[in-house]
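As written in TrEMBL, here are the features:
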BINDING   149, 150, 151, 152, 153, 154, 155, 156  ATP binding site
COMPBIAS  1094-1103  compositional bias 'Basic and acidic residues'
DOMAIN    55-764  domain 'Myosin motor'
REGION    644-666  region 'Actin-binding'
REGION    936-968  region 'Disordered'
REGION    1094-1113  region 'Disordered'
Ligand SMILES: Nc1ncnc2c1ncn2[C@@H]1O[C@H](COP(=O)(O)OP(=O)(O)O)[C@@H](O)[C@H]1O
Ligand SMILES: [Mg+2]
């Protein structure tokens, strides 16, 4: 037990320790470092450790034990050495360093990664970018790079580095295009990024940037798609956060003249900014440029904000330059700034009750008239019209009066506030769309063959209060997670199967059910929300009730009170819902769902804004359709759903590369690695599952043809002409790569993690080396061809022997059949002829006896001669008529016999008469001879009958064998069915277990998430009792009952051992021994599960799981259908020259008849008589039936 293990820890993730006690299904672990307390953990929280001092791995798959604990350890270890990147197979893990690492992204570094295959250099985003470009070239397929991670994990930074690498490496000749693609970033960030509590430079929108390449794979242009700009931030940033950078940049960095022209002072002066953080990001250098008019009260009091990448003052200048490089004139840029300022002034317009209005309407507060005028001036619309449109809404009456009459409905203060905010949001978000459009126009591409798209979209989000924005972004992440599962886990495993690689299967949680809850066409949450908006009086509580009603049976959707966080439990059922996402449960508050889902302006505002004299404003609102009816509006959710579907379509048709960003701490500081926080991110991003897959997997693969094409240029002619597969075989066998490092599939060759690079490096090394490789390949080719030729010759010879043997056998078959046929047809006649001939011999003897006759000699001789002619005619008749039936033949013969007998009698009589005693004696002998022949004939007939009988019996045996065979087949069929049923039952059990485990995992994840939130917000956690399966509960109860007298579950391992050694209480001793062995068994099972990584045993024919399940299926005993009373006899073919016969005999004797397989063997069963013959032939004593024994 002196093994070092990783034990789960709530803050560090895992700590090193030693198992000091085996307990009831758990173990006690004592951490190596004394500052961590001793703990008792289930085995699922303990992993074997192998820690080499100071050793870390580029690819996490290279570690000795592939589990989450070693993964975390390796990443942490590297992080503190400033190695922020590592791989899990082809997936890059990037830890945010929150500091600059020297020359990590320098131009020299960029150069050094160009054209190097993945794994050749230390892990880096550049390596991923280069791989994407290489895959694009080789596979002729567009590529996506999906960058994911929590807010602040470093997605946007990674995206920038990726773009920089692509543009620097393949865009240098493309002139300004390259710069423009890079310029897009500061512009997008100024308008779309903001400081949040989790990230100073948080992108509040998602983007998919495509870099397009021409047919020479050089940069040809670009295109940006963006998703879901967070609009609520424009009007109401919260707490310590800020609104979009551009507002502060203009106030801090715009030249004084411009600020005055736009009426910009300090953040405190604007309603849209003053309630949140009002400080600027500066550096100590730029800070001096600020005058007191620009500084907010907080800024003066608490000083500036600091971030290595942000500086509101300098960033404004950079933005202005970037905009101008993107092709915007001074005038156009000014218009953009004007529009931004207009939003701020618009926000300053306030309303008060209008005492003159009897319908409870409001008016613009007199103190805020100046803001109204300023906003109107900047937007170039008529101030009085703006005033009018803000406090009243146009409606077309459908009742009374003329249909279509326009009436003005005065708005209440809160309604006017909402209308103003809606206008501000519309202006700003349309401006953002416009800017993205302008960027796209400035980086057009004439011809595009392929593109590399980089997706940077917010990761999974959860706060104490979650609204529609979080709902959309988590929906998106749910889809991306599914895509990840599909690409990496499902697709990968399917490929292994198709290509016939023997890789054990692993399971993962399918989140389709969660996606269904959100997006199903007729009852998904998004649809329910749209339906609600179309009602005459939409209400969020009704919507929430509908959601719960529709999805009440779905595990993924729950009531707020099922949350683990106390703050959520106080919500009413109709105020929110809980979605159990793949990364944990999130509770959404539905209050603003309906407004946020609908971004249409009311008609009067839409009208006046379109009448603006300002060119830019006109453009911004030119596309919106006035008078959007309630029934025709396209909701925000619906639009996002469509955009997302398009995005997924693109991702599915491209090659994929993943970058998983990890945020090491929540404080945004360097050199601090929070273990449990990072571990959670690694698990959520599926890294632990991929690690499990890669234990036996092959992350790199290349079709034979591609590999061949890739290296063709490096090879001499004789190797160029080989077929791709032969080439690859020759290549691999001659390169002395280890067999376990690669595998040949059906269409491609696969490499273990990191091995492709090794191969690639060998192939591209200097000409000297290449020469020796070529020589080796040639040698291998000659060798393999020689072996093949030998094999062919051998096969031909074998074939010849086989043909000769068969011919011989055929002749024998023919001969036998012919003989049989002839015998059947002529047998009777031939036999009779033979008999007649024998009779003829007798006649001759009679004839010779006549010589002794003294008288009547002539008469007798005459008679005999007559008889002879009758013999001849009979013989002739039989010979000539081959259709004569046996009966006639028989009668002819008997006729002759009778005649001869008659003749004999006559002769005898004569001889009697002669009283020649001697003659008489001789005649008697002849008679005896005749008798003997008769007997022989009878014997012959009896034998024939017996044979007939035997044949019948054999036929009977054969029939019985057939019947038994049929019976057995039926029995086997039934057994198979039974086994199948049993297996299905078992599979169902396994599946239930898996579902239970998944839910347990989800619970754990939910709890961890809640814990994080609770820690962040000082909230409280409320534990619910752990889930227990019914079957388990029953089991526990039984176990408790069974324990009876002794409860040993609290006993220590050593106590158990001591009791066994010393106790005299037999019962106690027995119980201890039982418990001792049980614990040992649990421990060994854990150890076996955590064994060192191995590739599959060469001799294994099927995945272990298959073998195991086969072993589990019991072999059912065969039902015997034999009649036990009857004796059966079999011939056993022991003809193995040189074999150890006696042993075989012995074994054969010990088998049951069924097991010998003899009953199934045709011709093995013999008759009792046949057996007896054999028995006696070999000197066996005659068998006497028990009944006949004395
Ligand atoms: N590779 C890096 N090197 C140095 N600092 C980084 C790196 N990646 C991220 N950061 C720091 O982390 C902050 C947040 O990164 P960002 O890419 O904006 O996160 P995300 O887009 O995932 O929300 C950045 O502003 C920067 O300070
Ligand atoms: Mg970002």
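The chain as shown is numbered from 1 upward.
Just so you know, glycine gets a Cβ as well, placed from its N, Cα and C.
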Remaining residues near the recorded ATP site, that is with C-beta within 8 Å of the centroid of the site residues 149, 150, 151, 152, 153, 154, 155, 156:
96, 199, 459, 661, 663
Under 8 Å Cβ-Cβ from residue 153 (ATP binding site), six or more apart in the same chain: what's there?
94, 96, 459, 661, 662, 663, 681
Those binding-site residues, 149, 150, 152, 156: which ones have a Cβ sitting under 6 Å from ligand 2?
156
Between 0 and 100, where does the mean pLDDT of the domain 'Myosin motor' (55-764) sit?
90
Looking at the binding-site residues 151, 156, which one has the fewest other Cβ atoms within 10 Å of its own Cβ?
151
Test of understanding: give the count of other CB atoms lying within 10 angstroms of the CB of residue 154 (ATP binding site).
24
Those residues of the chain, 6+ apart, with a Cβ under 8 Å from that of residue 155 (ATP binding site):
147, 148, 149, 203, 456, 457, 459, 661
Residue 152 (ATP binding site) has how many other Cβ neighbours within 10 Å of its own Cβ?
22
Number of helical, extended and coil residues in the region 'Actin-binding' (644-666), per DSSP:
10 helix, 8 strand, 5 coil
List of residues, in chain order, with Cβ under 8 A from that of residue 150 (ATP binding site) and at least 6 apart:
198, 459, 460, 461, 661, 663, 681
